[in-house]
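Peer 1: I am attaching a structure below and will ask some questions about it afterwards.
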Amino acid sequence: MHASDQTIFALSSGRPPSAIAIVRVSGSRGAKIVEALAGRLPTPRMAMRALIKDRDGEPIDDAVVLWFPGPASATGEDVAEFHIHGGRAVLAALMATLSSFENVRAAEPGEFTRRAFEHGKIDLTEAEGLDDLIHADTDRQRRQALRQLNGLLGDRARDWRAQIIEAQALIEAGIDFADEGDVPDDLLAPALAKIEALAGEIEALLAAQGRSERLRDGLVVAIVGPPNVGKSTLMNQLARREVAIVSPHAGTTRDVIEVHLDLDGYPVTVIDTAGIRDSDDPVEQEGVRRAQARAAEADLVLWLLADDQVAAPAAIESDAPVWLVRNKVDLAGAATGVKPAKNLEANLGQNVPQPSFAISAKRGDGIADLVGALGGFAAEFFGAGEAGAITRQRHRDLLRDALVMLQCSKRGRAEELVAEDLRSASRSLGRLLGQVDVEDVLDALFRDFCIGK
């Protein structure tokens, strides 16, 4: 029996113990299962209280049962839900009973959503939106994912594809029946006008999106600098907890440490790196190499110095902006009575990174200003990302492919070639929606879902 012909079940709520556990069932044997466990089928989409029993008639739990006959259900199949008390023993008894039915099995990760996709309840962009919603860490990520789940891109792509197919039909009618006198002499002009308008809409969407797809992964900020300048202390201040070991001994941090922050709803990953210096220690050398590599990939570099140090960030090979952060200002200023920032400017001249910040990572002085600046940088970096319809590189690539073919079709080509261009553009939008050649994308996407979703 094919996997899609089997009835599946899974825990769709949090892991036990919990107040309530929800077990979802989807497939053709759903009605038989509900009747066997609860005695009868509930009225569709109405909650029914029932003492559910196992195959031997032994009570499992006093539960609430819901019944959603297909195709008017989340998956398009018959769906049942058992709302039980969330104890481990109760859940285990229900799961064991469900497993005892023929052609009924535990669901794979993302299998409920995949069945919803296969039955046309959602398209691929909406499934991706659901995946993003499940994994959203910040409010802006949540809002972006919810828009995608509700068809922000999918609805537009479906409309564009329908219009392309209509234009293609006009052109092919002109080709096929040109000698029969059954169609107007010139069907190409209105079709090309439609194509030009569509190309303009797709081009405008691509131009306006900015970094909307980056909102899923977040902004990367690397803390870089010489050893023992307080990088780990600054990391702990930003995280508001101890995530990195702080020691007075240089070279304590040997590997890259990451912490994920929520700055006004923007996801930011801060990286604490090994101190950059020449060393004979092979382990420390590897730490320095990794620090330089991660700094090169960062969207923003914080070059951290102790307040009395003079050192340019020459070791960083990155096109990202570099901000100077002078740490330990409480110690340096009090001990020397001088202004180290002036010394830095005198020695480095125009090479001083801007903007610059003076902080005490140990005491917390200046941290609020730095965090505020990071939040402003994130807002500018992402722009209106949360409202963007393009949330994955796959979306951008396929929209570009469709746009290229639409633009080709406008260049005075023969009608047969124009029809083929439109066929290619339609295929790209079909792949975007999950209607054409996307099996590898589906496998990768639904593996990322949790079991029960």
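Any Cβ shown, glycine's included, is placed from N, Cα and C.
Below are the features listed in Swiss-Prot for this protein:
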type: BINDING; residues: Arg24, Glu81, Lys121, Lys453; note: (6S)-5-formyl-5,6,7,8-tetrahydrofolate binding site
type: BINDING; residues: 228-233, 247-253, 272-275; note: GTP binding site
type: BINDING; residues: Ser232, Thr253; note: Mg(2+) binding site
type: DOMAIN; residues: 218-379; note: domain 'TrmE-type G'
Peer 1: Select the closest residue to Ser232 (Mg(2+) binding site) from the following binding-site residues, measuring between CA atoms: Arg24, Glu81, Lys121.
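Peer 2: The smallest Cα gap between Ser232 (Mg(2+) binding site) and any of the binding-site residues is with Arg24.
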Peer 1: Between 0 and 100, where does the mean pLDDT of the domain 'TrmE-type G' (218-379) sit?
Peer 2: 73
Peer 1: If you count the other Cβ atoms within 10 Å of each Cβ, which of the binding-site residues Lys121, Lys231 comes out on top?
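Peer 2: Top count of Cβ atoms within 10 Å goes to Lys231.
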Peer 1: Calculate the distance in Å between the alpha carbons (Cα) of Lys231 (GTP binding site) and Lys121 ((6S)-5-formyl-5,6,7,8-tetrahydrofolate binding site), and round it to a whole number.
Peer 2: 50
Peer 1: Among the binding-site residues listed here, Asn228, Ser232, which has the most company in the form of other Cβ atoms within 10 Å of its Cβ?
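Peer 2: Counting Cβ neighbours within 10 Å, the top one is Ser232.
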Peer 1: Could you tell me which three-state DSSP class Lys121 ((6S)-5-formyl-5,6,7,8-tetrahydrofolate binding site) falls into?
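Peer 2: It is coil.
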